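Shown next, in structure tokens, is the structure this report addresses.
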Amino acid sequence: MRNPFVMECGEFHVNYKQDMAIWKIPRVRLRIFAIAIFFAIFPLFASDYITGLATLCGIAAIGAIGLNILTGFTGQISIGVGAFLGVGGYTSAILTTKLGLSFWLSMPLAGIVTALVGALFGIPSLRLKGLYLAIATLAAQVIILFVISRWDSLTGGTAGLVLMRPEIGSFSFSSETSYYYLMFVVLVATIVFSLNLFRSRVGRAFIAVRDRDVAAEVIGIDLFKYKVMAFFISSFFVGIAGALLGHYMMVVSPELYSTTVSIEYLAMILVGGLGSVFGSIYGAVFITLLPVVLRTVVELFSGVFPELAGLLVGMKEVVFGLVIILFLIYEPHGLAKIWQNIKDYFKLWPFSY
């Protein structure tokens, strides 16, 4: 019997099933299982504040995975993810508050509506690339926010809409712990879907479009079909994240979905690692917790440097910019690559490089 705890010295696959496995080594499967158990019991030992931060990180990770499907795996730049979050949040809010639908119907419908809107704005991707596509998605951001803020009868205008936490019968997801578990289930489903997506024909087509779209078209890949499909799938998960965030915050309003939010999500996938599902999670946690860390540092040194408190608002954007620049210069593949290098170092020890 193979010992699952021995150090690996090569991966030898004898059939197609082994070659296509997500986690090919028993030791890795055990580690993933242990991590899943840890996060499943995490809120039982954490305070409500920490659990709430973890919930926000998880919701951001769902949206970041969606954006990485589009930008990291398919190579289509989007600066409109903030608006697509708003479409998901407002769709769920309208369906629950104005039409009386259950959250369990409104959440998937929010994903579908956002996916359709994303696919619509993805049509120009057939003719546009790079900076021009980024500007087109920025136009989507402006248009969607304009509609949201001006359609008072439907969206509540600049005041927004008030939501309720989801319920199952008499049970309400009103506590931090219960909503964490709701987020956790959706996040795990998103991870599993995404990992399997890129083992499929569709996922390979996405990667081919990203690497060399002309060559992909030559071998028979329909660029228009797969680019629009990437926008559809990406926007679906962003819409789900928007619905979860709206019901968690219990309010949706235009200022929650500004261009700054879009930049933050781009920062998540750049810092975490383009083309990496788990890198999206690392980046989401890093960027979500960065303002909390900054605020804590400012509070610690406010007695010595009182002027720091006044700089906190603008400091976040400055630090975001610096973080992105530093990662692009020193580690373009992000935290996912850094973690892989650490694992490789110990995997080859004592013959580390």
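Placed from the backbone N, Cα and C atoms, the Cβ positions cover glycine too.
Those TrEMBL annotations? Automatic predictions, nothing curated.
Straight from TrEMBL, the features:
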TRANSMEM  28-46  transmembrane segment
TRANSMEM  52-70  transmembrane segment
TRANSMEM  77-95  transmembrane segment
TRANSMEM  101-123  transmembrane segment
TRANSMEM  130-148  transmembrane segment
TRANSMEM  179-198  transmembrane segment
TRANSMEM  228-250  transmembrane segment
TRANSMEM  308-330  transmembrane segment
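Within the chain, the transmembrane segment (77-95) has long-range Cβ neighbours (under 8 A, six or more residues past its boundaries) at 63, 66-67, 70-71, 101, 103, 105-107, 109-111, 113-114, 117-118, 121, 130-131, 133-134, 137-141, 143-145, 148, 154-155, 161, 163, 231, 234-235, 238-243, 245-247, 252, 254, 256-263, 265-266. Among the stretches 28-46, 52-70, 101-123, 130-148, 179-198, the one making the largest number of Cβ pairs under 8 Å with the transmembrane segment (228-250) is 101-123. Within the chain carrying the transmembrane segment (179-198), a Cβ under 8 angstroms from the stretch's Cβ atoms is held by residues 22, 36, 39-40, 42-43, 51, 54-55, 58-59, 61-62, 65-66, 69, 73, 165-166, 173, 204, 206-207, 233, 237, 240, 244, 248, 277-278, 281, all 6 or more beyond its ends.
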